[in-house]
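Asker: Structure below; questions to follow.
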């Protein structure tokens, strides 16, 4: 792709700038990070999905959005083993461009499906708390089903074109996959990325902040009208949950999108200033902020655990049941083992006695 659409800026960069000079450090830290994300993300989200499916008869709009968020996280974790190997080899992709495109697809599906479903959750909570009479449970679940289908269609429409474009690039001694330098020669890339950041991050963040600020105002008004709600601690828990959700969203998604936007603005308005040092710094910032953004799939199960009382209770119940099963099986196997050892000893004694006679 970079060979077909080159700009004067790309041509002026030359081929002497090593944008992967940090690979010796990255090949250690990034595989460790993504291994952690893979284990925690897969186990945590599978556990959340099991709990949701077991209680599907009691499903509501909030649970439905959460389930779709969990599914997008699980899809993302399936792509991580290949990325772990890629980073461990020092940014060398050895399994073909087709798999590179698929991992890119799963990456962007997780990113923007996650953002969209978190936005849906904030809107859903807004109507449930601020305007409860406008949307009863039946209507909200029906609307939620349609919205989930629409979100998936929108995300796939945005990401499926990635399968049509080469995602890998042959460098001097390696093949890189899904790296920004592979596409920086595309003339329209800055505008595409700025548009994606505005629609995929700035707009959802504005909606989330607006919805949760209105919810907080409603909770404060309710506490003033009824002091018992403040004493019960319900409002405090709700506010802590809101702070947790906004904090995770801002911490995980903001650094990546800010890094992209500021670099694209530089590319458009000060192309001459983008020397090798600036480009390499941006490449390092991308790797760091992408790691931070991907850590979001580990945080989602913890949000469910602390925010949803029913989910927390179900998880603890499952863990207790598993522990009790393990203990009972261990206790049951111990007498069997002792009995087997005693039987073998008795047979040996009987055999020796027979030989003595």
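In case you wondered, yes, glycine gets a Cβ from its N, Cα and C as well.
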Asker: Identify whether residue 57 and residue 187 belong to the same side of the membrane as annotated by Swiss-Prot.
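Answerer: For residue 57 and residue 187, the topology recorded in Swiss-Prot gives opposite membrane sides.
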Asker: From the ranges 6-26, 69-89, grab the one Swiss-Prot calls transmembrane segment.
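Answerer: Going through 6-26, 69-89 one by one, Swiss-Prot flags 69-89 as transmembrane segment.
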Asker: Can you tell which of the binding-site residues 83, 108, 112, 256 lies nearest to residue 177 (disulfide bond) in space, using Cα positions?
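Answerer: For residue 177 (disulfide bond), the closest Cα among 83, 108, 112, 256 is found at 83.
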Asker: For the transmembrane segment (33-53), which partner among 69-89, 144-164, 241-261 gives the most CB pairs under 8 Å?
Answerer: 69-89
Asker: In the topological domain 'Cytoplasmic' (54-68), how many residues does DSSP put in helix, strand and coil?
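Answerer: Secondary-structure breakdown of the topological domain 'Cytoplasmic' (54-68): 12 helix, 0 strand, 3 coil.
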Asker: Check each residue in the chain of residue 108 (7alpha,25-dihydroxycholesterol binding site) that is at least six apart in sequence and keep those whose C-beta is under 8 Å from its C-beta; list them in sequence order.
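Answerer: Set apart from residue 108 (7alpha,25-dihydroxycholesterol binding site) by at least 6 residues yet with Cβ under 8 Å, we have 158, 159, 162.
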Asker: For residue 83 (7alpha,25-dihydroxycholesterol binding site), which residues of its chain lie six or more apart in sequence with Cβ-Cβ distance below 8 Å?
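Answerer: Non-local contacts for residue 83 (7alpha,25-dihydroxycholesterol binding site): 34, 103.
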Asker: How long is the line from the C-alpha of residue 100 (disulfide bond) to the C-alpha of residue 256 (7alpha,25-dihydroxycholesterol binding site), rounded to the nearest angstrom?
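Answerer: Answer for this pair: 21 Å between alpha carbons.
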Asker: By DSSP, what is the split of the region 'Interaction with G proteins' (122-130) into helix, strand and coil residues?
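Answerer: Counts, helix then strand then coil: 9 helix, 0 strand, 0 coil.
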